[in-house]
Amino acid sequence: MMSPGVESQLHKLPWVCDEGPGTTVILQSHIDCGSLLGHRAVYRMCFATAAFFFLFTLLMIYVRSSQDPRAAFQNGFWFFKFLIFVGITVGAFYIPDGSFSDVWFYFGVVGSFLFILIQLVLLIDFAHSWNQQWLGKAEECDSRAWYAGLFFFTFLFYSLSIVAVALLFVYYTEPDACYEGKVFISLNLTLCICISIISVLPKVQDAQPNSGLLQASAITLYTMFITWLALSNVPDQKCNPHLLTYLDNGTILAGPEGYVTQWWDAPSIVGLIVFILCTLFISVRSSNHRQVNSLMRTEECPPILEGTQQHQVAGQAFDNEQDGVTYSYSFFHFCLVLASLHIMMTLTNWYRPGETRKMVSTWTAVWVKICASWAGLLLYLWTLVAPLLLPNRDFS
């Protein structure tokens with residue numbers, strides 16, 4: 001939708017350039033209407049995707065087994081599902097512009113915030129499982145190679161985090177300005193140091209033998225990544241080299257190099273890659289930890305079904321969910337609703353549609369991402385101290 005060839009075709013739709021192709025559109029200043037067609041088309045495309053998955057979120061509520069007639073829609077009827085999706089998409093492109101983009105922006109903010117939290121849950125779970133498996137193999141094989149591997153990745157993650165902090169201070173702060181950015185970077189760095197120290201305290205190690213610096217280093221690196229995404233939305237050209245702005249000669253610049261109407265930048269590309277990995281992770285993996293499975297509404301395959309899960313006769317697979325589904329259909333679709341909103345915000349750089357065809361970077365995007373990073377750190381801290389605060393609960 002944001003490629004030039006597609007944008008040129010979007011002029012034919014009723015909601016674009018209502019006053020003609022020469023209408024002024026503002027992105028921190030003035031640019032031509034055609035420059036924002038892809039941006040607004042992404043809003044409609046992701047609205048259609050989110051609406052489609054939300055429809056199935058409602059449809060699949062309380063589906064307990066494949067015996068429920070609604071389960072057939074989850075696992076079949078693909079032609080009709082694609083037909084419904086195409087129909088919603090076509091209809092979305094005929095929604096009058098009006099306040100649609102402005103209102104849908106706030107839906108995107110909330111959904112993206114929740115999806116970032118899901119990413120953090122998956123990262124914490126992945127780091128715990130990784131550390132647990134490699135420690136187990138080190139004990140089984142009586143080999144120091146596994147310990148060396150854990151040390152290498154822990155050192156790598158912390159090194160990348162230190163480099164990230166240095167680059168953030170260099171490119172997103174000024175000696176006599178950008179005080180908010182300095183506070184965000186310093187505060188998140190301090191919090192990361194604190195959770196790293198807590199993760200290796202003797203009492204925490206006794207209660208959580210699998211906790212360690214590998215998980216803390218992974219969370220630290222991801223926190224620096226979220227901080228980078230937040231600072232890339234600061235609406236101040238001095239503090240944000242990625243911010244699109246306007247010069248007196250009418251040229252639109254993205255930082256010092258001067259790319260014309262540059263929507264794609266490094267934070268967006270890296271964010272897109274992380275988004276794809278997390279969405280695939282949600283779709284294919286069940287956790288080794290019961291608490292995460294409970295949160296993500298998934299479970300390991302019941303023992304009675306393991307023997308028939310992959311068994312096939314004459315090309316016909318057995319139904320392994322007759323006695324109970326192995327994941328929540330409804331919650332799965334809800335995660336994809338949030339993923340649709342998150343990809344919408346990522347592709348559009350979290351720029352908010354405003355009055356008189358205006359696209360602006362706002363502090364709302366900055367605070368949402370910073371608060372998400374704090375929530376992730378608090379969540380990881382809880383996984384460390386919960387066994388101490390609730391000794392009667394099973395946190396194995």
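Cβ atoms here come from the backbone N, Cα and C positions, even for glycine.
TrEMBL does not curate its annotations; it predicts them automatically.
Residues 1-2, 6-7, 10, 70-71, 73-74, 84-85, 88-89, 91-93, 95, 100-101, 104-105, 107-108, 111, 325, 329-331, 333-334, 336-337, 340-341, 343-344, 347-348, 353 of the same chain sit 6 or more residues outside the transmembrane segment (41-63) yet have a Cβ under 8 Å from a Cβ within it. Here TrEMBL flags 41-63 (among others) as transmembrane segment.
Annotation source TrEMBL lists transmembrane segment at 75-97 (among others).
Sequence annotations record features per position, and here TrEMBL assigns transmembrane segment to 103-124 (among others).
The transmembrane segment annotation in TrEMBL covers 145-171 (among others).
For the transmembrane segment (183-201), same-chain residues at least 6 beyond its ends with a Cβ under 8 Å from one of its own Cβ atoms are 161, 165, 168-169, 172-173, 211-213, 215-217, 219-220, 223-224, 227, 230-231, 370, 373-374, 377, 380-381, 384-385. What TrEMBL records for 183-201 (among others) is transmembrane segment.
Feature annotation from TrEMBL assigns transmembrane segment to 213-231 (among others).
Per TrEMBL, the feature transmembrane segment maps to 266-284 (among others). Tertiary proximity for the transmembrane segment (266-284) is limited to same-chain residues at least six positions away from its ends with a CB under 8 Å from its CB atoms, namely 115, 118-119, 122, 126, 225, 228-229, 232, 242, 296, 332, 335-336, 339, 342-343, 346-347, 349.
Per TrEMBL, the feature transmembrane segment maps to 331-351 (among others).
Annotation source TrEMBL lists transmembrane segment at 366-390 (among others).
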Remote residues contacting the transmembrane segment (213-231) - C-beta distance under 8 A, at least 6 residues beyond either end: 116, 119-120, 123-124, 126-128, 130-131, 150, 153-154, 157-158, 160-161, 164-165, 168, 172, 181, 184-185, 188, 191-192, 195-196, 199-200, 239-240, 267, 270-271, 274, 365-367, 369-370, 372-373, 376-377, 380
Spatial neighbours of the transmembrane segment (103-124) not adjacent in sequence (6+ beyond its ends, CB under 8 Å) are 43, 46-47, 50, 215, 218-219, 222, 226, 274, 278, 281-282, 292, 295-296, 335, 337-342, 344-346, 350, 352-353, 364-365, 368-369, 371-372, 375-376, 379-380, 383
